[in-house]
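According to Swiss-Prot, the features are:
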type	residues	note
BINDING	CYS337, HIS388, HIS518	Zn(2+) binding site
DOMAIN	1-61	domain 'TGS'
REGION	242-541	region 'Catalytic'
Amino acid sequence: MIKITFPDGSVREYNEGVNGLQIAESISSRLAQDVLACGVNGEIYDLGRPINEDASVVLYKWEDEQGKHAFWHTSAHLLAEALQELYPGIQFGIGPAIENGFYYDVDPGEAVIKEADLPAIEAKMAELVAKKEAVVRRDIAKGDALKMFGDRGETYKCELISELEDGHITTYTQGDFTDLCRGPHLMTTAPIKAIKLTSVAGAYWRGHEDRKMLTRIYGITFPKKKMLDEYLALMEEAKKRDHRKIGKEMQLFMFSDTVGKGLPMWLPKGTALRLRLQDFLRRIQTRYDYQEVITPPIGNKLLYVTSGHYAKYGKDAFQPIHTPEEGEEYFLKPMNCPHHCEIYKNFPRSYKDLPLRIAEFGTVCRYEQSGELHGLTRVRSFTQDDAHIFCRPDQVKGEFLRVMDIISIVFRSMDFDNFEAQISLRDKVNREKYIGSDENWEKAEQAIIEACEEKGLKAKIEYGEAAFYGPKLDFMVKDAIGRRWQLGTIQVDYNLPERFELEYMGSDNQKHRPVMIHRAPFGSMERFVAVLIEHTAGKFPLWLTPEQVVILPISEKFNEYAEKVKTYLKMKEIRAIVDDRNEKIGRKIRDNEMKRIPYMLIVGEKEAENGEVSVRRQGEGDKGTMKFEEFGEILNEEVQNMINKW
C-alpha cells in the first residue's frame, strides 16, 4: 500500500500503481467525471499514469490551469491527427498548450494552409472526436524513437529526439497518430466538445530566424459549446479594447522598426499618464517609509554571475558590452535586485536598521524573440516599479501586510475591484530543491497565510509552486470583461542574501542573514498600462487621464474665449486643451470621443456672452450649461474626492 496526501493534509492509503482517475473515483463519481489531470509531487500526470510510491496528489478540473493545460495539449494532438489525414506527408514540429488554447507548428511541404482551410480542419477534428479515441502513453528507447520517426520522414521530431537522454522519452498515441511528447494528456478525446481554430501564422523552427519558416495553427477547445460561444463573444469585445489599437487612437505610445522591435516609445500623452502613475506610487511609498534609489542601466558580468541572473538570462541576453581598456564585460540590466543588494552591502547593517525598504523605477532589458513580442505586454525594454525589503525573519509578516496594503490601494484606485491571490508554497514531500532552512520557510509560509487571513484576501494555496528561493504571493485581477491578469507580486528570497553574503548584526552581537522581499505592485509600467487600457477601454479614472477636458469652439471667432476658459481651468490644475481646428462641431465631438477625453466643453456665441460652457461627459452626452468657473470647481472637487480615497 502507498500513502496519498491531499492538499488539505488528509492521507489515504491505496494499492501501489493506483492512478489519478481511480483516486478521483474513490472520492466521488462527480469528481471522476470532472477531473482532467493530477499533480503528483509537483509533476503533472495523466489520469491513467500509475503512482508507485507515497506522494502528494492534487486533482485538477477544468477550472484549474493544469486541467485546461491537459485539455488543450490533447487538443493540439487532435489538430495534428486531423492534419495528418488531410495533408499526407505533412511534418510536425511542436504543439504545446498555451495560456488560451494551443498551437501546432507544421511543415506542410508543397501545400499551403490558409485561414480559409480552417473550417475543414475543424470538421475533421470533430469527426475524430466522435470516435472517442483513447490516448495512450508509452515509454520508448531513444534508438527506437529515432527509427520510428525517421521511417516516417519526421526530421523535426528526430532533431528533438537526438537531444534527449535515453530513458526519458515518451510518446502518445490516439488513433493512427503518434507524437513525441512528455504529456500530460486526457485519457480520451471524448471530453472535447467545441472546437475553434482561430488563426494561421508563420513561425521559425525553434524560434531561430535562420531556420525554416513553419506554419503555426492556433486553436482553442472547450468541454461545452456554450463556453466556446462565450469565449468568441469575449474575443470580439477584446478586439475593441486592444491596447495597441486604443494606444494609437489616444496617441499614448508608439513602436519603430528603426529604433528596434519590442522597444516602446512613450508619446507626450502616454508619458504624462506614466509619470502620473509613478508619482501616485511614490506618494504611497513615501507614506510607507520607502527610500528611492537610481541604479545604472548596465552592470558588470560578475554582478550577474553572483546573482545567478547570468545563468538564467545569459543566452537570452543582448550581446555583452566590452570595455576596450579594461577588457571587462557589461550587460544591459535584466533585473534591479542585484544592484539593490550592492546598495545594502554598502554600509554595515544592524538589526535596528531593519527593515530597509529600497524602491526604484528601474528600466531593465531582456531579449524576447520577435515572434513573442506583443504590444506593451511583451517587450524587450520595460520599467519595473521595483522595491526590495531587507528584514529580519520575524518581520516578514508585518512587511507582507504593508505591501498588501499598497497593492490594494493601487488596484482599487484603478477600478480593479475584483482581485484575488495565489500563495505559492513548497512541495510538501520534495524539499531538497529549496534553499534556506526549514524553520525560515515554515515561518515565511505561515506569515503569508496569516497575512491573507488578516486582510480577508481570498487566496488559493498551491503547493510545489514556490520558487526554489522562497514562497510568494501573486495577485490576479479580473478586468471589465472577465479576463484574469497577473499583476503584483510579493516574493520572499533566501537566495540572493546568501549569494551576496548579506549580513546584519543581531541583538546577540552575532551576524545574521536578512530575508529579502521583492515586490512590484504594477509589475512593469508597460504591462500595467496595457492592462489598464484594456480594462477601461481607454476611459481612465478622471484623476489619471492625460487630458481631462477639451474645449470645442463652434467656429474660429470663439477661439479666444476657448483659450480664456482653458487658462482658468489650468489655474485650477485641470488638464485642458482647445480643439481649434477649422472643422464642424459634430466632427470635433466624434474625434475627441475617439480620444476618450472625459469632458468636452462646447462654446459658441451664447456661451461666450454669458461666461458659460455647454458640458458633455464621455459616454453620457449633454450635461447642460453652466458658468465655466462653476464647472472648474465641480471638476476639481471630483478629482480631489478620487485622490482623497487613497
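From the backbone N, Cα and C atoms, a Cβ is placed for every residue, glycine too.
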Number of Cβ atoms other than its own within 10 Å, given for HIS388 (Zn(2+) binding site): 26
Other C-beta atoms that fall within 10 angstroms of the C-beta of CYS337 (Zn(2+) binding site): 23
Neighbour count (Cβ, 10 Å) for HIS518 (Zn(2+) binding site): 23
Assigned conformation of HIS518 (Zn(2+) binding site) - DSSP reduced to three states: strand
Coarse DSSP state, helix versus strand versus coil, of CYS337 (Zn(2+) binding site): helix
Secondary structure content, the domain 'TGS' (1-61) (per DSSP, counts of residues): 14 helix, 25 strand, 22 coil
Confidence summary (mean pLDDT) of the domain 'TGS' (1-61): 93
